[in-house]
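Reading through the structure tokens given below for one structure.
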């Protein structure tokens, strides 16, 4: 819309277009790292809801873009800059929402509930396309019949502004959500374990009993009463033991590789819209925009949403690792078909192949890359690990948004699709080498056993030292 309003229908300046596309992604990566750390260090209740307030604040700033005062280029810079703030809030939601959900859900149903949360992306995309179509239809007479292109300014502001409705509707619930008991207990235990390791085995059982009693009576204590440790140091120590670093490398790499292909396709849908006849290259500006919005709606409905629900219904039966591996393999297969037959596939065949590609993105790595970190790491470090993994994924998305659109103009879309084919196969290798199956995994129970074993080892070593000295 901005190209018609600000640049009389010409394409947006390439560098500014890249900044506009990647601004929210850059902010998202920052938000994932920031809120992931804060959610573990200060507790879920203290932080949850602040990410949504950030989204609301950033969206209002975006809506305030003074296109009538600033030059077209400066208007884009203004808008893209505040999209970074929106991105920080959106990014912060990933580690916070996934951690709170995992903290409040039993291991046997955790994957299904997390999958439901991810599926909201599909519904958000669907509703966004529908809202755009409805608002454009409302302005058809002014824009299409009367040629009032300046009315597009109202269209994009209304479309963006309506996103504030669900935000305001849920912000109170987020801000008042109580601290998950599991995370309160996990934080208390970490502080008590410091005492356990320092006092040796003779006091271990007594201190453990005291810690358990304290947890039962103080489980709903204000997080202001819980001491704040050097969380980064504690997290790094956790990663250095028990091969946990390998798991984090696996989740980060898989999300990075997934988003290279996923966002490479979905941020640059022009080639898809062109193949299915919805590119919007002919007609009035209104007709072009309406056709593109309709094409985006078709893409969402065909493969996007069905893939989400296949994962929801099968994630507990099939397991996360199996879904991730088969999803990456099938993504590679359909990417290869599109790359090899890009110029010869008919419209129907192209739509079928692309729909299956979208289906296996979501009945595959786009879902499981979100689910696995939330189940793999204990509550004490869950948000940090999820934030790091998600930020790695956003780096893949940023890479795609900045480079593949321009690269495709010089080497052609089929070459880009072959790159996505290789990336998908690499995701299979990383999954098989670095990641375990997380179905029914109780990461907190695993962590508890590791800490008990560590405390026992420290205690027995010190007891042995005292015996030798005497």
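Glycine is treated like the rest: Cβ placed from N, Cα and C.
Note that this is a predicted model, so its numbers are computed, not measured.
Record features, source TrEMBL:
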DOMAIN    1-439  domain 'Major facilitator superfamily (MFS) profile'
TRANSMEM  20-39  transmembrane segment
TRANSMEM  51-69  transmembrane segment
TRANSMEM  75-92  transmembrane segment
TRANSMEM  113-139  transmembrane segment
TRANSMEM  289-310  transmembrane segment
TRANSMEM  345-364  transmembrane segment
TRANSMEM  416-435  transmembrane segment
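For the transmembrane segment (113-139), the partner stretch with the most Cβ pairs below 8 Å, chosen from 20-39, 51-69, 75-92, 289-310, 345-364, is 289-310. Long-range neighbours of the transmembrane segment (75-92) within the same chain, counting only residues 6 or more positions beyond its ends whose Cβ lies under 8 Å from a Cβ of the stretch, are 2, 6, 12-13, 16, 19-20, 23-32, 34-36, 50-59, 61-62, 65-67, 390-391, 394.
Away from its own ends, the transmembrane segment (51-69) comes close to residues 5-6, 27, 31, 35, 75, 78-79, 82-93, 96, 153, 157, 160-161, 163-164, 167-168, 170-171, 174 of its chain (Cβ-Cβ under 8 Å, at least six residues beyond either end).
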